Amino acid sequence: MIESIIYNVAVMVAGIYLFHRLQYSENKIMVFSKGYVTVLMTIVALLLAAYPIPFHQEYLVHLTFVPLLFLGRFTNMGYTLVSAVIVALVEVFAFGNSLLYGVVLIVIGIIVSMVGPFLKQNDIVALVILNLISVIILLILSIFSPLYDLTEIAFLVPISFVLTIASAITFVDMWHFFSLVTRYENEDKYDYLTGLGNVKEFDRHLNHVSQIAEDKNESLALLLIDIDGFKDVNDTYSHKSGDAVLKQMSQLLKNYVPKQFQIFRNGGEEFSVVIRNYSLDQSVKLAENIRTGVEKSSFHLPNKEVIKLSVSIGVGYLSQDDHKSQRKVFKDADDMVHVAKNEGRNQVMFNPIIKL
């Protein structure tokens, strides 16, 4: 029995390690996706099905439902249900388990996938809650089915919780570790908080786009977007609230900026958008759409409060006939941001100075 318990725990931990190792391998052969997680966890479930835990030489305790908890938490109902059906069919037709148990696996898959993504607790607690739900389902089964009894369920409860907690701790710990590795690898290009390009990448990109615009005789525009009163958010509510605002602001910008243009967080509360081959009118209209969108939006803080914000936007613009100077377009946009701030904030300004 001890060997079986060790095997079950080892299979789950090894599966979780393999999940992270392939995802973060140097060659990046495997790309993270819900389908990839489903395949891996289905294989883990089948390995658990092949080696159930014997109890008193009378019972065989199956822990094949535990990988379904991870799928219910980290994927969706479609993926979880596919995995549950595959595991149930193998349990019934390959390993001779009862048809009723196969149905229960599918029911567990459906329920945990309905509940898992919406649990507000951290991942470890959420997985323990999903395990408790699964045990309750099996307990109900033992009451109404002669194939299972309370003794088997009583043994299943501590074993399943040990497996779930050990697997969850391993999963979260490795996730945090490899997330730090990814952050270190990407810190030269990306802002870790918003996922947007950082100021270093902004400089490289602006220089590159400026050269293309010069070579192709195209216009070049730059929007510098500054959140009004952002310091007050940090001072009044906390830096955690400020981070939440920055994340929401980055998502809002993604919704308004056309896909062909890149968005950057230059640092602090300043964002930028590099635009090529747009007219001045188009560039200013885009800036005004962003300003209006922010003004109409509500920003949700971690303490459940909702606040309103505004942005000041400076537009730097070089026409087709202008020499595409990276420094000039940045200076023009930066000067216009300061003018917008001095003119009362929540405005779009560009040169020649026109207020919208």
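Positions of Cβ are set from backbone N, Cα and C atoms, glycine also.
Going by Swiss-Prot, these are the annotated features:
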type	residues	note
DOMAIN	218-353	domain 'GGDEF'
TRANSMEM	2-22	transmembrane segment
TRANSMEM	35-55	transmembrane segment
TRANSMEM	76-96	transmembrane segment
TRANSMEM	99-119	transmembrane segment
TRANSMEM	124-144	transmembrane segment
TRANSMEM	152-172	transmembrane segment
Long-range environment of the transmembrane segment (124-144) - Cβ separation under 8 angstroms, sequence gap at least 6: 65-66, 68-70, 72-73, 100, 104, 107-108, 111-112, 115-116, 150, 152-153, 156-157, 160-161, 164-165, 167-169, 172
Folded-back contacts onto the transmembrane segment (2-22), same chain, C-beta under 8 angstroms, at least six residues removed: 29-30, 36-37, 40-41, 43-44, 47-48, 51-54, 63, 66-67, 159, 162-163, 166-167, 170-171, 174-175, 178
Folded-back contacts onto the transmembrane segment (76-96), same chain, C-beta under 8 angstroms, at least six residues removed: 34-35, 37-38, 41-42, 45-46, 49-50, 62, 64, 67-68, 102-103, 105-106, 108-110, 112-114, 117
Segment-level pLDDT (mean, integer) for the domain 'GGDEF' (218-353): 94
Long-range neighbours of the transmembrane segment (152-172), counting only residues six or more past its ends (CB under 8 A): 5, 8-9, 12-13, 16-17, 19, 53, 55, 59, 61, 63, 65-66, 69-70, 122-124, 127-128, 130-131, 134-135, 138-139, 142
Secondary structure content, the domain 'GGDEF' (218-353) (per DSSP, counts of residues): 60 helix, 36 strand, 40 coil
